[in-house]
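Single-structure report; data block below.
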Amino acid sequence: MTKLTLYPGTFDPITNGHLDLIKRSASMFDHIIVAVAASPSKKTLFTLDERVQLVQAVTKDLPNVYVEGFSGLMVDFAKEKKANLLVRGLRTTMDFEYEFGLTSMYRKLMPELESVFLTPSEEYAFLSSTIVREVALHGGSVEAFVPSSVNQALKNKVASSL
């Protein structure tokens, strides 16, 4: 059975930690859709289209990875795509508690969707898009935390907001 795996997130912006999980997932599963969420309840720095383009740019060399934006419930997107696996990253016990609650809800809404949790590589365990955005918006360097094309996009976005 072919496994279609979703890796959902806001990716505002995509970080080296996200990319690490995508690459590791791509080596374990047949097909990965990086599902970039519209997340209207979050005030994002980048638009949905910009985030999709940034993720596409940094995953273009991964032949079994596809990138799509979506709005609405993740489980509805999973049903539409006929996904049967969901990959989520866990950095901390707080992430675990949050993800455990989400997974319980997903099971009620779509019992056939299994969740797989991956822990980050050690060098990315502290990393989050929120931290990257905050550092970038305050003029700090984030080049060690994001792919170079994302770093440039952040610089451009911050410069245009001044």
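Count begins at 1; order follows the chain as displayed.
Even glycines carry a Cβ here, placed using N, Cα and C.
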Matching residue for the substrate site, where Swiss-Prot names Thr10, Met74, Arg88 - out of Lys42, Lys43, Lys108: Lys42
Across Met74, Leu90, Ala125, Leu127, listed as binding-site residues, the smallest other-CB tally within 10 A is for Ala125
Compared by Cα position, which of the binding-site residues Thr10, His18, Glu99, Ala125, Ser129 is the closest one to Arg88 (substrate binding site)? Glu99
Maximal Cα-Cα distance (Å) across residues annotated as binding substrate, namely Thr10, Lys42, Met74, Arg88: 19
